[in-house]
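Working notes, beginning with the structure itself.
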Amino acid sequence: MGETFSRAIQWSSDADQLENSPLNNDILTEILLFTEDFDDRYPKEARILFREPLQWKTSLEAADFTSDIYDTRGEAAVSLECDDNGSPLLQLSPPDITVHSFYHLSNLLQLSKDKTMKEIRACLEGDTLIVHAFIAILLLLVNELYFCSVCVFLPREGRLSPEAVNTEVDLLKRFCGTGENRALKSVSYTSDYVFSNGCRSPPWRQMDGEICSLIIETCDTEPTLFITCSTSGVFYDERINGEGGVNYYMRKSELYKDIMTLLKNMSPHFAVAANEQVLLNTPGIQQFYLFQHILVMPYFLSCWFNTSDWHCWVSISLIVLVILFHYIKLWASLNINMSNRCICVCMHSKSPGGAGDFSESSSEDEEDEEQPERRAEIPTDLPSEYWQIQKLVKYLKGANQTATVIVLCALRDFNLVQETCQLAIRDVGGLEVLINLLDTDDIRCKIGSLKILKEISCNSQIRQTIADLGGLQTMVSILDSPDKELKGLAAETIANVAKFRRARRTVRQHGGIKRLVELLDCLPDSVSLSAEQERDADVARCGALALWSCSKSTRNKESIRRAGGIPLLARLLKSSQKNMLIPVVGTLQECASEKSYRIAIQTEGMIEDLVKNLSCDNQELQMHCASAIFKVRPGSDCQCEDKHTRDLVRQYEGLKPLVMLLNEAENKQLLAATTGAIWKCSISLENVAKFQEYKALEILVGLLKDQPEEVLVNVVGALAECAQISENLATIRKSGGIQPLVNLLTGTNQALLGNVTRAVGACATDPENMVIIDRLDGVRLLWSLLKNPNPEVQANAAWAICPCIENTKDAGEMVRSFVGGLELIVNLLKSQNKDVLASVCAAIAKIAKDVENLAVITDHGVVPMLANLTNTGDDKLRRYLAEAIACCCKWGSNCVSFGEAGAVAPLVHYLHSKDPSVHQATARALFELSKDPNNCITMHENGVVKLLLIMIGSTDEILQEAAASCVANIRRLALANDKAKYG
């Protein structure tokens, strides 16, 4: 079907370019919007690779790829992510570009800025098969949206409410009739009087939670069923005739969650009939049939006009499809507010629906995913404020301007922070009214409405409803208002609503980010502010709050940067107002995950301001400042930039305030941020010396117990860095830190295990610490972590094992005591992770120093596995691989086996490396290998003598000796050969 609809796209006469027509523009816009947000909506599917990559001529340049996930090399750019063959998933070689997945296609369009439409057009013109694919995907999306829209909304769990019972009774009445296919004979209430709370039971029964009583006549049960509905569920009653004609009811069944479930259990006929009829009787299915008729309608129109032009039919269908697509999306989103949750009435399957399925996904955490809307329980004993608010909202619906303002003021007198008051507004349809008031011309009505929305939007259910009703779009447009109070209230309400992904995406797509950034332009650092400037500063504070909420999205971070938000945030950071600084620093610490922000935090002088605020008296501000310092940590390719940040923190005297904040152990969020900043700063040895002076290690060791994991990760990471200085090893031991570190090796948190293995390995370099680690069975725990699926944990465990073997007296026997341990570590040479391979090679070099262990690992096939790794260009792996080969050559015929496995020639090329440690390890390995004549011949053929002669002049004595010994062995072989040849 996608191929058929794609014929509607209008091509130029030579069929190689798209015409600039309204129909084409509509199609391109739909494809662009869908593709741009594909990664947000379907993050897992976006990572799936195309069978064939998309290729086209692009107008983008390497400078446009500013994201951290891309690497620019001159005029070219490639993604850091590669496929199984090592090929980048995005590759730019101007003007050609190749893309392998929706994830990178979506990111590319985000980076294209104002060239997005041009790029999508070029992409489609590059390969017409792409058109078919995009149209097919859009059709699938329409199908998904409509599937959600044919769902009937009923409460599914929790306490029943009068509204839920009424809805279900109305549905059951549709099953009543006189025909053979009827499911029920009749359904009726025992009382026609409805109380103000929606209940029909007498007040004394409402006290027990009763809502109403029903009389239901089924087709197969006698006598008539008397059903009681209460807030706790539904049950069957038996009527008892009492004295004086008074009837009594006695409960005769278990409690059911709803009337439908009770009837299906008591009436087999109803159970069968309901399953057959329920979908056919719902308005949603009838509208689905209408949907099918609309799609077929253009075909009949073409027949009516006696035309056989299929292109005409397809064009009309595609136009109808685009219109219907928007109609269904709007219709489905509005129906979300009908009731508690979305469930299919079909008894055989359930499917969640609604706009929440299309929430934005980027760098933010999973906990702020949009949750399905859940109606709060509405007990019958609600406080009087609930009913008073509902009356006021009803007045609001029909009031004039003056009365509207009065009602809004009256509503503000209630405690709108209380959830009952918030839900009272929502349940009576007050949110729709408040949002509609934002479109009026009366400033007083707008301000009153926004003040109420600002208060009640702290409720997660209400902010989702506001987004569903289009309230965010209206608030974004209000940001252009000349009234400063109005702008501030709109921004503050946006800050509350934009707590979930779909809302943040809506703000960005409707131009809200740029408008919010414009609100930041004020002078908060002046000595004295006029009344007008104070209002500007308050508006800027509200704008910063909204940007803080929006900055949890990666794309919003980029939008803030493009809108010029960084220098404005830097200027606001110099403010002395705490309520201004908290959202500003909060925004910065969220955005610090992006490289452009990390650079700006340094170049704009923000580190000094962050450090200064570490000493303030506001713990929330201190926490955000420490978190910002912690997050300004680039990857391994930016170590110079990272060191500069650490040096700035020390230069501005920020280390001592961080140590002082460790004493605030009760505030776990502040403690996590502080320990994270200390961990980052302790990577520099100059900072570690300062931490020694401030007695930070003793405090950190004390935090190894009874702390949440996020704190432990940072504390252990800081100790691992501090342990790089030998003086600190004794401090950690004397403070009692070895045992809690070893105990943490039994945990399951991967980040914590990665750090604790490093810390234990660093501590093991001290012989006295090693005695404690051995006594606590720490080496066995480290060895067991080699089975961990996380490559980082595997690598760190292997690195930690090296000093453990080196500093244990009977290391060979200890290693042999681990059942299956040697086989396990040899098998890790099959890993695809280079750090794992390097660490395992280093451990094997230590293990091979014991002859018995060397014999065992030889039997496990260590020689061919090491030989297979020699064709590597990674200097770190080269060094430890050469060390392992040098140590393994000392057993039996291993030296000969390495030569036969082809390990000699690649080792010779290691001498071209610029790393001196690679030279030393390689020279030692070549010396051991040169004890076999055939290896000497291979070395000579690969030009090793010239390289080794240079190494002989090195100042490294070990390198000198190994190089000279290898040359000597080669020379002896040559002399022996000459002697044998010439006598």
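Yeah, the Cβs are placed from backbone N, Cα and C, and that goes for glycine too.
Record note: among 313-332, 833-852, 313-332 is the stretch given as transmembrane segment by TrEMBL.
Through the fold, the repeat 'ARM' (820-862) approaches residues 783, 786-787, 791-792, 794-796, 798-799, 801-802, 805-806, 811-812, 868-869, 872, 874, 876-877, 879-881, 883-884, 886-888, 890-892, 894 of its own chain, all at least 6 residues removed from its boundaries and within a Cβ separation under 8 Å. Within the model, the repeat 'ARM' (902-935) shows a mean pLDDT value of 92, rounded to a whole number. According to DSSP, the repeat 'ARM' (470-512) comprises 32 helix, 0 strand, 11 coil.
Per DSSP, the secondary structure of the repeat 'ARM' (820-862) breaks down as 34 helix, 0 strand, 9 coil.
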